[in-house]
Structures are given as structure tokens and as C-alpha cells.
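Encoded as C-alpha cells, the structure appears first; notes follow it.
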């Protein structure tokens, strides 16, 4: 088999959707998959099943690939530094990825840059409870590493509430509980040459700490805030030397400010709308960015695009249900990830677009509900 | 590996682009590829290299696949009938595919239906030259089977001109040399349940008998002719019981009539614009049709879409040239097929879309020229 042009570590849905973009661009991907037949392994012939925490496995995958990128942010940084030292281009590199892997480092770095963010304090394993009490309540306690989709996050109103968070000696931090009206997300693609393109800022709606739906662009967003969010994403990507897609998750506060909540350095759930809704999808721009190809336009193709996640629910056979959904909503775009259904697991998403937001939102929600519960409630 | 939902015979670019659509829909494809690492084999893990003219090879491929479809029309009809007799769903079936495989059968059937077409006559191996002389000159002599991209077609003005055509004893036919202003193409998707959706009629421009560029929709097409072409495509698909995509290639004559030139029963070069330019691409609707899923809207997403083929030329390393093209035209959509470059071979296509036809045409042509000759001429 000819050499790949890109190695991708991790075989989840993000790698799967990268492959969809890679087919068009003629980019050969080699994949490191966690297990046989995971989401991306189903669609990337040149894949190896192995452990991404094992340096020799990583070395074998990237051997003849000029560039390596990631489906997730969990590859040990010391391994990435080793690969870099051996001459491989890791995009994003470990020096940038650090700030998506460790919330403490991220908070410290963004504070140093003067980026608006919730007030925060590190909670050391010795004296952490005292530091929390001094910081004050209510507060949000987070593990600095490994949390996602609401896991590793506790809203606490007293030191007693924080008992679970402190039950192991994970590094923690506390943040102010922000009084926000909604969550926004600013995506940016950046190449090693420094070319940067920001996507329209979107509204992200969560349910139980998990992204449920995304509206592009964020409805009624003050153009000044849209510009501020995009400028912030561009500045963070540039100063942290991110390559590929950077997602900056933001709070829009009740008093009209933007505060950075989280960073992700990979294609992001809040950018899935772009596959059907933008001139260049986040997956295509991620590939173009990490391979240092010129980036594509990030403009929306329709006045409104709405992405709704399909979370595992009562419907077990998504493939059989596909016919039901398409019969109800023939023009919604379906994206199934080839995953088995487990309660709450992201197993796909749907995107609708068009000129009328209420209609677009209703169509996307109905379709996702048909995949999740098997019935619609409107 | 889990069972596929669809077997695809043939590993060319059409199967490759089917896979791109299949990833989104969550459809598992098994592929029969002509050789290792052909275009679609690069992106379909579940593939077997084998000979599509061998019945046992076909049997092994379709064994646990409920439906089988095709990248080309060259599978022997008797094998398809055998697979059908053994309970496999061939879509399109051999009874329909016949009319894409044999121009004589196609002409006879369409004449019987009263579909407007060039006048024609079969040229038997004995007495064919006399039949041609009686038919008159100028004429177009064609092999009834196996011709494509201008091969197996001769424009003759005398019996002497027809010597090459008659040099082997292939079945031939003669057609009138139509006085046409341009070529059009009407695409239709049809499912086994009988659902039918037609795409906007496009203009197809040939160079040396090969499709060079496609403009969607066909500029300045009389709405009555658009409707007539779509109705004709729908009627042919229905009466011939075609499943999947049917392409009806048409002449628009100087006196304003439509005549059927060719039929193809698979996604077609004249429908590639739909990947970026339509709500539902021909590849997605082909999959939806052959799996008897509800079909998606065929409307154009932009006022104009232009597809230009990338034919093998002076540029040998298409992957290296990709950066040059994207730098010149960052918003043109590139589709490379993973094929090695040979003179005149279709190795990819580009699509541009937007509100201004001249601009769209210029961008698509420039991009394709950069891939073909390495320079632009405007």
C-alpha cells in the first residue's frame, strides 16, 4: 500500500468524518484505531489496531507519514515530544495541545494573555479545600485533566459538596459559577504557515452537560460580540501556535460579556454543522490546515443551519430507523457514526438548513428524536 | 467484520464517491475491486480483489449483502440473472441494465416507447455495409456494446469510412448525424418502490468525445424542454424498471427538439456537480434508491454549479499540485480519484458554484487547467 500523507491517532467519529473529507481531497490516511471496527476503522482501509499510549505503536503508525493529527487530545504529551524529536510533524504539536489537555495550564496561559475568562484558582492536593473555601461559593470544581461531556465537573456550594471531587488526588481547579445566558463556540482553522480562518460563531445548547444542538450562526448575536469571539479564537490559535481546528467554547454572560470556558484542538461537535452548512467543512479545513494547504472559505451556505446530536436511546437499530427518519424528513442530512447504541452515547448527528430558523430547528429536532426515542414530541 | 448492507461491483471513482455518501448514511459497503489499490479500494476497507466476469467471485462478494449495485455496466447479464435467481437484489437488475449495455436493444426499446431519438438502423454482420449505404450518409456508426468516451464511435460519410468499424465482427448500428446545438443530460433517481426524483437538466460539453465540463442548470434552457427532458427521464426509468441513478444523455437539436443519445444506469459524470451543488448528491440518492430508502431533494443549492473534469496531462503529481490549485482557488471543491496520471484519463474533477456563471465557469476551468496542464490560459 502506498505511503499515507497523514496519520490520524484515534478511530472515533471525528476521524471518520476526516476520512469523508480526505476522499475528496485525495489524501491517504493511516489510522491508529483503539479496537477493531471502531467508527473510523470502518472507513479507513489503512488502519492498525493498537494503544495510543504506547510510544512504539505510535512510532509504527507515523513511520512513513509526513504529518500526524488526532481524533482526541489524550495522547501522552511526552510521546508527542518524542515523535517531534524524531522528526515527525505533530499537528497540533504537544506545546499547543498541552492547553487542551490541562485546564490549569490553559487557565494560566489565557490569564497571562489577558483573555476574558471566569475567575479561577488552582486547588492543590494539599490545602485544596482551604483554597476552595477562600475562593468562595458557589464555584465550579473541575479536574484539570480528562474531564469531558460534564464528567469531572462539580457545581459546589460548600466544602462538603466538594467531597467527591477531592475523593482522589487528581489535580483540581475552581472557577466562578458564571451567570450566563447561553454558550457560544468560535471555531478557527490555522495552518503552520500562519493562515487563519474563523467560522461564524454558533450557539451551543447543552443537556446534562452534553452538547445537544448547535445553531449556526448564533441567533441575534451582537455583531460586535461575533467579531470579538472570532478575534479571540484567532489570537489564541496564533499565540498558542495551534495547527488544525481550534474550538473556543464561550459563555455569553447576562451582562453581555464573553468568557472562555474550554478549548479543544481538533474538529469539534460545535462545528459539525459545517459539513452541510459551510463552504468548507471543519473536517476539510482541519486536513488542509495540518497539511499546510491553503484554507477554504468558512462562510455559511444557508441563512440557518442546525445540528442536533443523536444520542443513544430507545432505538437500537439505527440503520433500520434510517428509513423512518428519511421518510419523515427526506432533506435532513444524516450522519451516522457506525457505533453501537448505548444510553447517552453520541452515535450520530443530523443537520438541517434553510431560510427559516423555526422550521430548520423543528426538522433537525424531529429527525434526531426519531433516532433517539423513536417518536417525535411536537 | 459485520455484514455489509450493500455490495458494489467495480472499484472506480463512482464507487469511491458512493463510499463518501455511504459514510454519512452509515451504510457499510463491500467492494469488488479490479485490482489492489484502485480508486475505491483505497477508501473501502471491506474489499476483495477479483474478476467481475467470474460468477463465483460475484457470489462470494454478494453472499451476505442484501443488495448489489455497480460502478459500471460491464457485469455479464447472465451472471446477474444467476444472482437474481439465487435471491440477490441486483439494482439495477439485468432486465433494465440490458438497455445501458446494448445500444441496439436500447434504440429498439425507446423507439417502441415513442421516445424521440435519432433515426437509426441495425447493421448486421452480414449485409451491414449495404444496410449502411441504404441508411445514407453522413451517419454515426457505433458498436452496440462496450463503447465509451468516444471509443467505438465513427462518423462516416461513405462506406469506405466505415472500414475500421467493420474490421471486426462486432454488432454495429448506424444513427443519423444529428444537427445539434448542445448536449444535455437528465438525471433521475428511482427506487424499487417506484419513488422518482429528477435533477435539474444540465449542459454537458465534450472535448474529443469525452465529457469536459457540465453546467448546472443548462443555461437559457427553455423551461418546456427542461420539463420534457425530466419527464422523459422519469418515464424511461419507470418503464425500464431502473433502480438507482439513470442518466439520459440528450441532443438539443438546432430546431429545438430533444433526442435521446445514450443511457447510463449508475451515477454519471454529468451528475458530479451534485456533490457540492445539490441538496442530495447523485451518489447519496443512488444509495438511497438501491436500498429503497426515501429519496432526497434534487434541487440545486446555488444558482450555478460548474463541474470540470481533470484529465491526465502534463501534471504528474496531482497531490503536490493540490496546494497550487487551492492557493489559486481556495473555494473550488476538489475531487481527486486516487488514480495515477495517464494522458486523457479522468483522474478527478473540480466544482465551483455561485451566483455568476462567468465567474463560476472561470474558476472551475482555471482549477482544472492547473491540475491538467499546470498553467492557466486566461
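Just so it is clear, glycine is given a Cβ too, placed from its N, Cα and C backbone atoms.
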Which candidate from A:103, A:151 does TrEMBL annotate alongside A:142, A:175, A:176, A:177, A:178, A:183, A:261, A:262 at the ATP binding site?
A:103
What residues, ordered by sequence, lie under 8 A Cβ-to-Cβ from residue A:262 (ATP binding site) and sit at least six positions away in the same chain?
A:103, A:106, A:247, A:248, A:249
Under 8 Å by Cβ from residue A:175 (ATP binding site), counting only residues of that chain that are 6 or more apart
A:107, A:118, A:119, A:120, A:139, A:140, A:142
Largest pairwise Cα distance, Å, within the listed ATP binders A:103, A:142, A:175, A:176, A:177, A:178, A:183, A:261, A:262?
18
Tell me the Cβ neighbour count for residue A:183 (ATP binding site), meaning other Cβ atoms within 10 Å of its Cβ, over all protein chains shown.
21
Would you say which of the binding-site residues A:103, A:177 has the most Cβ atoms within 10 Å of its own Cβ?
A:103
